[in-house]
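Accompanying notes for the structure given below.
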Amino acid sequence: ARSDCISAEQQCLSDSGCNATYHLLETCALAKTRLLPLAQDSRLRCLRAGLELGNSSLLHCRCHRRMKRQEHCLRVFWTVHSSMTDGDFQLEASPYENPANEEHWKTDYNKLAALLSGKDCNGYLGGDATNPCLKATHVCNLSKKCVRLRTDYASICTRGAGGEDTCDRRKCHRGLRNFFEKIPEDFTKRILFCPCQDELCGERRRKTIVPDCSFQYQTKPNCLWLLDSCLEDPICKSRLADFQQNCHPADTSPDGCWQHSHAACLQAYMGMIGTPMTPNYISNSSVEISLWCTCENSGNQKEKCDQILGMFESNKCL
């Protein structure tokens, strides 16, 4: 099994040779992050340092979405794999290990859903048994942890929102990530992907992430700016790499998906929520999704900008 990158880093630092090579790579990665030009001999040293780690567990380490010190783990991964983003937004590999199937989470959800179905439905669903988004919320409300974390991000994301771009978007994003990382996917998927037949349900689904704060700006920024903001943040860059790997469309595939796993793609999509590249539904009456950005005034980078937006707007895998 692959080790996590924090353990691999500790193992490397205990070996003098690996330690020196790793610290050189940290300097190389920092220069790349800050767009500092490197002399030819420095670039060669960085390249050699990467090759020297060929037999190290650092090269094959991965991180987990729900681990403690996740950001530290991701920084280690991108230090070792800094060449992956050399002038290209198409990231080569996800730093995340595919999680093991957490059966006990499914059991927890099923118990709560069964408890809810045993109640008076009209009392719980406000007389509307056709609103699965509302039902998903009620199931969440039966879990103290689920309702607490959902209330936490809702209160942060609504503070200062409403017309003015004054909400604390960074805190709102952190609260959303906290909810989606700490609550079982059986809860979060039903809240985010509930199937709707009318606009009332669709509005509830679209507003799940409190879009006035987490998604929208007063004016739409350029998608290239959104990408730059993402690549500067280790969590967002990692979630984008995971999204590109698991939601890679393939025209030659019958299901339109290169990985043939729509569940993994939906999980990767959820991972983007709470990052600078947070996506959302475009309206109350559609399941189409998009980023909040535009490709107007992109100059000679218009094609690249369209590709970024197209990853979400016209992705057959999604």
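Cβ from N, Cα, C; glycine included.
Unlike curated records, TrEMBL annotations are generated automatically.
Lifted from TrEMBL, the feature list:
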- 5-85: domain 'GDNF/GAS1' (DOMAIN)
- 133-213: domain 'GDNF/GAS1' (DOMAIN)
- 223-317: domain 'GDNF/GAS1' (DOMAIN)
| task | With DSSP as the reference, give the number of residues of the domain 'GDNF/GAS1' (133-213) in helix, strand and coil. | result | 60 helix, 0 strand, 21 coil
| task | Average the pLDDT scores across the domain 'GDNF/GAS1' (223-317) and report the rounded value. | result | 88
